[in-house]
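Everything below concerns the one structure shown next.
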């Protein structure tokens with residue numbers, strides 16, 4: 001089994017940082033203090049036990065009894081003792097050897113333990129003391145200080161030094177002093193700062209961190225090859241522990257690292273080196289490049305892991321042990337992490353770990369947070385739009401399909417709507433044109449010999465060789481890879497759509513599915529057309545769909561029939577009937593936005609199927625659309641009139657409705673729901689005369705144009721900016737979402753202001769003239785009364 005080198009974790013990489021060393025030193029000091037405190041407690045208990053033993057003195061024995069016991073003991077020893085002459089030489093030599101060993105002489109003979117017994121870890125101090133033989137203390141107790149033992153040929157010799165025990169009271173005082181000092185050391189009072197000082201201190205710290213981040217980032221960007229190790233130092237700042245600046249510093253570091261990786265990442269995927277490649281000797285430049293790539297990939301991996309962990313902590317509402325960042329701040333950190341991941345998803349689709357980013361981003365598209373969900377959806381849309389080859393799109397589609405199936409179709413509709421931004425339709429159309437276009441022919445040898453000189457033939461040969469190589473490279477890139485990838489992607493999309501149509505017809509995902517089918521229906525296999533049309537008709541007939549969903553069903557059905565479905569002999573009369581009878585559901589209120597889908601349906605149903613549509617059907621729709629134009633907003637009216645213009649130019653004899661005389665038998669039945677039998681040829685487009693008096697200028701132009709018979713030339717023709725646009729484009733151009741006139745009404749306020757000012761000056765002049773004339777007449781007839789009047793007015 002090979003010993004594979006284990007990749008160090010993120011925390012192991014930070015083991016040598018200054019913060020880690022400070023924490024280790026603090027832990028060591030704390031352990032030393034706790035060990036000293038524990039030792040003092042044990043000594044204190046031992047002294048209490050000794051003091052208790054001293055206070056309980058044994059009763060003295062009688063001297064006679066002592067002497068009798070001593071004599072008996074001596075006699076017994078004399079009887080037991082043997083003279084040295086009677087001992088064997090071997091026994092005598094053994095006694096001498098034992099006498100030379102210190103362990104034999106100093107051994108406690110009262111205990112039955114062996115000489116070199118190990119210490120018992122959890123042995124009680126008092127029990128150990130009780131095992132010692134009791135005797136009267138005539139001298140103060142000695143305390144042994146154990147030193148390092150000495151080892152010689154005979155064995156291990158323990159070393160100890162006696163230390164006289166001080167007074168108990170003095171020791172207790174010292175213990176209390178030590179305890180107080182330790183408590184004082186542990187609880188040092190922090191300096192009290194005012195709010196202004198705290199804010200200034202925070203600003204200073206933040207500025208220092210910003211300068212440090214900027215210095216590291218500029219150094220890495222200036223010389224990425226030589227300063228790749230500084231990425232580790234910058235990434236270590238993601239673990240900022242200062243609670244005052246931790247949140248902002250971590251956000252800044254996340255964004256800085258994201259921009260750095262976007263700039264220094266190469267335009268290719270870095271693969272790991274094989275054992276053979278590592279063993280071979282290479283140039284210094286190649287070795288330097290390998291080290292740079294290896295360091296870049298490892299740091300990029302750790303950075304992505306850190307972003308993932310930040311998002312997981314926020315999702316799980318999990319706090320770290322340090323409690324540096326609150327739960328509220330974690331939401332802001334998670335949002336920044338999601339933004340960074342979305343930027344990397346779009347900017348580095350070719351680089352390593354892109355599939356890992358996809359697996360992170362796609363589930364967040366269904367996140368309850370609206371902001372995070374929108375960020376992820378927009379990022380996926382951008383990725384689809386810029387993905388030309390299809391590798392990244394295939395990966396995203398696979399993950400979305402698995403997410404929808406795993407959640408049992410309980411996801412947001414926006415998750416499925418991103419399929420509408422796939423570039424599959426454009427590539428498929430380009431592929432068809434490439435197949436139809438004739439291949440380029442090269443000149444034969446005879447043609448060259450006949451038409452070209454020797455030098456020209458030489459240049460032509462080199463040019464044709466280069467063109468062949470370019471054509472081969474382009475063909476292998478576009479035809480083989482793109483076609484294979486896009487076919488696989490489209491299969492997964494249709495499988496997802498068909499599962500929802502089959503199992504979740506009442507799901508809120510149905511509008512997104514129908515909209516997607518309307519876009520990609522021309523790429524579906526012909527074998528599924530009959531079944532798909534039956535499903536769409538059953539959905540419409542069930543009545544469970546909203547109006548917009550039924551319009552999407554109609555649009556999907558006609559997209560199917562306008563593509564490969566032209567070869568099928570299917571009459572979609574039921575879809576025409578449904579649209580005809582539901583047109584009057586539209587009005588100037590909330591359903592005005594659905595007119596854009598109706599205009600698309602009319603374009604597919606009539607303009608692209610003109611040969612399959614009868615004249616009666618076209619006349620009925622033309623009349624009903626003209627009635628509808630009176631009841632909707634101006635932008636919808638413009639779109640409907642543009643569609644009527646297409647009707648009149650596409651189908652013959654539409655000018656019947658511009659004549660007052662009826663054609664054929666019968667009376668027009670506007671309430672009938674069958675367009676083929678309503679006798680629309682017996683009515684007239686009187687609505688156009690009302691629309692000529694509409695307040696919107698564009699509506700007036702279209703109404704006048706249609707009354708003239710929709711000519712393409714002459715005085716009744718439309719201007720180019722209106723005639724060259726489709727109905728859908730005109731509907732969007734004259735939109736009134738801002739509740740303003742579109743186009744805006746010309747302002748006439750300055751002219752009115754000048755007129756009013758002239759009128760005011762004229763009125764003032766006339767009043768002054770009349771007043772002066774009245775004063776002159778009064779003075780001439782009654783001068784005294786007028787003088788009195790002036791005097792009274794002055795006094796007043």
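Glycine is no exception: its Cβ is also placed from the backbone N, Cα and C atoms.
Curation does not apply to TrEMBL; its annotations are automatic.
The shown structure was predicted, so the numbers you read here are calculated from the model rather than taken from an experiment.
According to TrEMBL, the feature region 'Disordered' maps to residues 53-85, out of the candidate ranges 20-52, 53-85.
Between the stretches 241-268, 269-296, 297-324, TrEMBL puts its coiled coil entry on 297-324. TrEMBL lists coiled coil for one of the ranges 445-488, 489-532, 533-576, namely 445-488. The average per-residue pLDDT of the prediction over the domain 'CCAAT-binding factor' (550-703) is 87, rounded to a whole number. For the domain 'Nucleolar complex-associated protein 3 N-terminal' (209-303), residue counts in helix, strand and coil come to 68 helix, 0 strand, 27 coil, using DSSP.
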